[in-house]
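The active site, proton donor/acceptor annotation in Swiss-Prot covers D89, K180. The active site, schiff-base intermediate with acetaldehyde annotation in Swiss-Prot covers K151.
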Amino acid sequence: MKLSKYIDHTLLKPQATEKDILKLIEEAKTYDFASVCVNPSWVKLAYENLKDTDVKVCTVVGFPLGATSTASKVYETKVAIKDGADEIDMVISVGQLKSGNDEYVKEEIKKIVEASKNKLVKVIIETCLLTEEEKVKACTLSKEAGADYVKTSTGFSTGGAKPEDIKLMRETVGKDMGVKASGGIHTREEMEVMIENGATRIGASCGVELVK
């Protein structure tokens, strides 16, 4: 697979304007990235501009804290799919996970998977807030719930992707599930290290620099 197809070209800053999003979309078309990842309010715009290409539209749910109710996340997912999203990056309920409420976490992911109507679901586990044991548990629950990917980070918390976390996540989910490294990846070398450790998708706001 060519390097550009690993990349979710990402712009999730709250101050991003329509002009910024359109620039992101044009870059994704030019460099043939896997997707653009945008906030839900921009999904329709992205869909309209990408529907005749093979660049997917990715959006976020329960972002960036993961602390909204399951019902809210399900509704967000349904609206995003209706608006044209191909991929959903949902944030896990970190506090519920850390409280040992495994069933809550698993059921929530399962409901998002169901609401996504067979679109790709990536579960952001926010590795920087978890112990090793919790990272393993988050990955296991995500897999059991039927998600397609586990993802390291929102990029809005205390840290981003680390190679050792990617390795652990890959070892936990096995070879048949996707692993997305996201947050703090700024160079091609950093991206290649993530891929070597098991990442099958890279979330980055500097996608153009990564493939130049």
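Just so it is clear, glycine is given a Cβ too, placed from its N, Cα and C backbone atoms.
Computed from a predicted structure; not experimentally measured.
For K151 (active site, schiff-base intermediate with acetaldehyde), the number of other Cβ atoms no farther than 10 Å from its own Cβ, over all displayed protein chains, is 29. K180 (active site, proton donor/acceptor): 27 other CB atoms within 10 A of its CB, across all protein chains.
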